[in-house]
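Student: To start, I am sharing the structure in question, which I have written as structure tokens.
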């Protein structure tokens, strides 16, 4: 009894797991379906009405726009102080401690004095608190953007231009030389920040947040890996204490390495020892933070510890004068007065500003999405563009260079308990205290310490070389994007490399749509589910019916390959069938003509060799008897001549082995004019050889496009379009049975 009950329960559970549905309905083509549906009535608005509606203002609409532009007004009044404040304070202090040395270090990458890295770590970070939508990212200096800024600054203000105005034989050691060079490079960096900010702001206001989708993950990772190599090579001279020029543009990495190797004998041993010691300490600190991440309340701030130790050792041992170790130098106290960027520089740096604006936004929005997904909130891509645009453009008036999200600081800000943008504001206030009060204490800091900080922070980017094996296993096309982005950015420079990588990524999209996968579908028995016949053993094809599918849209780039693949997969080439028919007809016509000629000759020969009576009997014989002609009997030829054209075609002309062809349009997103003409040509060509072409699962937008392209006419009607593959299959079967019955009756 118990086993019977258990069996019943198992059976009931099995039924619940394999639920079934049964629907009985007519076979729907699009014309029949549209006839049973009633479209909603929509009153089209005129252009004047649309403009009036968009310009109409209400308190609710104004409030919504204000909250959208200033997100802080939405979340700050509801800020849970008891729950969030402590975490934000700890996170802000931890991030600020990290922001200080990185600001000083990344200023070297941007080819400007270190204090401008502090400015860039204060103004933009504070502004993002009001305008940003991400609660966890840390805005400020970032290695890749700083490197791009430095490349433009060095290109616009190379060492050679500044040295022309100095007659001293020791010009590179002249304080006036360095001051003049740095002043001009600061002007370039500030103007670049202003222009990139304006570009980001305009893109955000025009709702162009989607531009980041063209920077795919393989592209960004390949680009940032190449940027890491650029950054690493640029810091070698600081680590070794070597005096070399800074290079930018194509092959700058090669020139930088060659310059360092050419002066490797002038290495400052003291600077090298200090730098290597800092690298070892930083690596040990990062490893401890990684291994004991769950046990440590906050990560050990090894960067600020190294900065403090390096500053103390440098001041105590007087490394600058005793061992000629380069130090940070003058850090002016207080904030600078606002100044207008050099507008006349804009034409020369416009393309670079576009690249920096897009890369900066891509970095910020990708990191924002990761944290938003993890913590269950949403970000607005367009508002992020506006926020970054305001941070860059407004910050440029206060001498800050271009900024974006820092991956390492963002991870620290999130992992130390940061809940809102308050953490970022607190980190910026810590930087402000250094600028206003204690900045001068860091003047003895050796530059080799900053180089060590930069190099160690590249560790995560260098790990991206592992992407090569990952993409090799998963996607060769994405591997190609990664490699092209890396090689182009490494050899051509970050600006031209990025443009090359984006162009190549777009080409891969065209390649994928131009060379899609083509399949013949079959039915899973007793279902309305259709799958690839080459992939599953259970899938069966209906006799005389071919179902063809391409996993791409039909447009000018792939219309020819679509047609050729259709002919190859179905095994029916209408042109070849028609050519074979014409060839068979011509051959048969020649045979009949030759047989008639032979008959005439035989008749004439018999006529000439007989008398009138004999001639009559011979004629009677020829009319009634069968004479062999060209290996065949004359009566057979006569019988062929007597047959009707339809019967003649049936016996002589080649016939395709299918009667219906169904084109599955489920994956098709759009059809252009070339695609529509190709589709119409396919229907016409197959109709000439007796194959009916149907279209299944055509979406509404594609249907509207076909209508606009005047695809439908008297020969191609909506009756050829079906709601699903199964509808089309059933309709083709019904049509084939009707045709067979008609032929049988005849």
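Note: Cβ is positioned from N, Cα and C throughout, glycine not excepted.
Curation plays no part in TrEMBL annotations; they are all automatic predictions.
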Student: Among 188-215, 216-243, 384-411, 524-551, find the range that TrEMBL records as transmembrane segment.
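Tutor: Going through 188-215, 216-243, 384-411, 524-551 one by one, TrEMBL flags 188-215 as transmembrane segment.
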Student: According to TrEMBL, which listed range is transmembrane segment: 44-64, 65-85, 422-442, 443-463?
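Tutor: My reading of TrEMBL: the transmembrane segment range is 422-442.
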Student: Of 137-154, 155-172, which range does TrEMBL call transmembrane segment?
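Tutor: Checked against TrEMBL: transmembrane segment maps to 137-154.
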Student: In TrEMBL, one of 253-284, 573-604 is tagged transmembrane segment. Which stretch would that be?
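Tutor: So the range that TrEMBL calls transmembrane segment is 253-284.
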Student: Can you dig out which of the ranges 10-31, 296-317 TrEMBL describes as transmembrane segment?
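Tutor: Checking TrEMBL against the ranges 10-31, 296-317, the transmembrane segment one is 296-317.
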Student: With TrEMBL as the source, identify the stretch among 345-365, 618-638 annotated transmembrane segment.
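Tutor: From TrEMBL, the annotated transmembrane segment range turns out to be 345-365.
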Student: Suppose you had to name the range TrEMBL annotates as transmembrane segment; which of 104-131, 664-691 would you pick?
Tutor: 104-131
Student: Should the transmembrane segment (422-442) and the transmembrane segment (253-284) be scored as in contact, given a threshold of at least 3 Cβ pairs under 8 Å and pairs 6 or more apart?
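Tutor: Contact between the transmembrane segment (422-442) and the transmembrane segment (253-284): absent.
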Student: For the domain 'STAS' (535-732), provide the mean pLDDT of the predicted model.
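Tutor: Reported value for the domain 'STAS' (535-732) is a mean pLDDT of 77.
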Student: Compare 137-154, 188-215, 253-284, 345-365, 479-511 by their Cβ pairs under 8 Å to the transmembrane segment (104-131) and return the stretch that comes out on top.
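Tutor: Per the Cβ count, the answer is 137-154.
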Student: For the transmembrane segment (137-154), could you work out the same-chain residues 6 or more beyond its ends whose Cβ comes under 8 Å from its Cβ atoms?
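Tutor: Contacts with the transmembrane segment (137-154): 95, 99, 102-103, 106-107, 109-112, 117, 120-121, 124-125, 128, 185, 188-189, 192-193, 223-224, 227-228, 230-231, 234, 246-249, 252, 349, 352, 355-356, 359-360, 363-364, 367-368, 371, 388, 391, 401-407, 409-410, 412-413, 424, 427, 454, 457-458, 461, 493-495.
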Student: Let me spell it out: take the transmembrane segment (479-511), skip the flanking residues so only those 6+ beyond its ends count, and list any with a Cβ under 8 Å from a Cβ in it.
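Tutor: Tertiary neighbours of the transmembrane segment (479-511) are 144, 147-148, 151-152, 214-216, 218-223, 225-227, 229-230, 248-253, 351-352, 355, 358-359, 467-468, 471-472, 557.
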